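The domain 'Isocitrate dehydrogenase kinase/phosphatase (AceK) regulatory' annotation in TrEMBL covers 15-316. Taken from TrEMBL, the feature coiled coil covers 42-69. Under the heading domain 'Isocitrate dehydrogenase kinase/phosphatase (AceK) kinase', TrEMBL lists 317-571. According to TrEMBL, the ATP binding site annotation covers ALA322, PRO323, GLY324, ILE325, ARG326, GLY327, LEU328, LYS343. Look at TrEMBL and you will find ASP378 tagged as active site.
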Amino acid sequence: MDAPVGENPVAQSIAQAMIEGFNKHYRIFRETSRRAKESFEAADWQAQIDAVRERVQFYDERVDEAVRRLHEEFDADSLDDSTWQQLKLQYIGILMRHKQPELAETFFNSVCCKILHRTYFNNDYLFARPAVSTEYIESYPPVYSSYYPQDEGLRTTARRIIEDFDWQRPFADLDRDIDNILRAVHEHLGEWPDMEVNCQIQVLYSAFYRNKTAYIIGKAINGYQEYPFALAVRHNPAGRLEADTILLDPWRISVLFSLSRAYFLVDMEVPSGYVHFLRSIMPNKHRSELYTMLGLGKQGKTMFFRDLIAHLRHSNDQFIVAPGIRGLVMLVFTLPSYPYVFKIIKDVFGASKNMDRATVKRKYLMVKQVDRVGRLADTLEFSYAALPLSRFHPELLDELRALAPSSFEIEGDSVIIKHLYIERRMTPLNIYLERANDDQVEYAVREYGNAIRELATANIFPGDMLWKNFGVTRYGRVVFYDYDEIEYMTAMNFRRIPPAPYPEMEMAAEPWYSAGPMDVFPEEFATFLLGAPRVRKAFLKHHRDLLDAKFWQDVQASIRKGYLEDFFPYPTELRFCNMWSKKRGRADQAA
Ligand SMILES: Nc1ncnc2c1ncn2[C@@H]1O[C@H](COP(=O)(O)OP(=O)(O)OP(=O)(O)O)[C@@H](O)[C@H]1O
């Protein structure tokens, strides 16, 4: 379909400027993702981490640029209603042939929202819902390639799939890797099914890069059955490539896409095609989460919010204060029927919190930029989010008025929240521990310590390690979610408590040693963490070393040497090197 013929040349020019802004954004985004292959080949892990961090800023930079251009070239504040309406139509016309129309619509919204007054935030001017379909968009290179094992046999097909990624670094022993892959698949299936006429293996064109791993993601189709897989490829200690594992359970693949990990770098011409394919593997993963994990966070947010609004239309429970200990910095509420919490920065913080609003925001942004190693919950940040007033419990409205009056306004039947973080709801660890039996306490305390260790090795010091600041996910993982005191490990000064000059000083209310703002005394952790006997016992059994400054100093030293720890988003027992280390045999010859 051709673009609608515009009678308004200004609208036409603005639409053109707008799409140029978006195209520039996507070009830079894609170049960054494309470089991930080279960084992987060069074992330049720092470049992978930097790319993820830098990419977070791209979107806002391009939106600001487009807003400036609209002001300078088109005097954007003075546009009349008909131009705005025409503009949207003109833009839709351009998008009919675009490869990323859903992203470009979101970009349009972001630019317009910075110019228009909120009363104009409706479907006449903005894309309140998608106007251009993302179905059947052609892509070059295609979103996925198909391989036909009945022509050449599974072994040759598997080899070709891997070789087609054309990594400029040799495999240590590709035959052995293919043995391992086929053996794992055979064990998973129990027996090799007969190949049906439609037997094929579809493989997403770009690998998914994150930290030190490249994932080949695809699915085999045979008759009516589909078998998804994610093959992890890594460097071995000698710097050769090696298949590390193949994940075959859809839920394990979906754990790779958990929001508590870093976003992937993937070179996509048509991202909606990737999302569509991934959803066929993980139907329970929401599209918004997939967009987010592909580094397209703004699209993830847009889709998340549309879903929330749809959910509100189809439910009738109320927003209530989140269960647990109230925050000193954040006012946290939730909607019981929806698995997320909503966090608003309070106007005045509790007395012990010596920081301002900008610092809190900076800390939350930092979490989006680092490797979250499966231990930091991802947050979606919204400005001016409108939620229905009738769904707010009176007690929550009272808290909002008392604690965050400057952060919201009531306009008609909406509560407009000026700034909001949204994240997955978990069971706060303090609540979990209160209800847990002894085994569960031991498990959770062990997980908690592991979370702290892993964060430390990833150069993150949580700051406030109280139990209430961690949550337990539906998969039983312990994840940190209170970021206002988070710091880089390397910024901290871990110290041992100096001996008291006189023994009686140890009993005094005030400490005999002074502490700078970045000083941490790990021996003190025991005082505020280990009051409950069951918790204390489990902690000392598994994590006693966390109470000693030496653990922390050693981790710092290793980070400073540039060592990047390996974090596996799958159990290490599933690594081929551990699976059959004792008796590594040939894969079933039937393959
Ligand atoms: N993702 C979550 N899932 C479930 N409950 C949560 C979540 N995030 C926060 N909460 C609840 O809200 C409370 C306050 O949240 P949070 O710790 O983020 O606020 P804070 O003001 O930064 O806290 P602090 O006073 O420790 O700095 C938590 O103790 C917990 O009960």
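Glycine too: its Cβ is placed from the backbone N, Cα and C atoms.
The most crowded of the binding-site residues listed here (ARG326, LYS343) is LYS343, judged by how many other CB atoms sit within 10 Å of its own CB.
Geometry remark: ASP378 (active site) versus LEU328 (ATP binding site), CA distance 20 Å. Within the same chain, the residues at least 6 positions away from ALA322 (ATP binding site) whose Cβ sits under 8 Å from its Cβ are VAL332, PHE333, THR334, VAL341, ARG425, listed in sequence order. Across the residues of the domain 'Isocitrate dehydrogenase kinase/phosphatase (AceK) kinase' (317-571), the predicted structure has a mean pLDDT of 93.
Within the same chain, residues at least six positions away from GLY327 (ATP binding site) with a Cβ under 8 Å of its Cβ are LYS343, LYS346, ASP482. Its Cβ taken as reference, the residue listed as 'active site' is surrounded by 23 other Cβ atoms within 10 Å in the chains shown. Here the binding residues for ATP are ALA322, PRO323, GLY324, ILE325, ARG326, GLY327, LEU328, LYS343. Their largest Cα to Cα distance works out to 14 Å.
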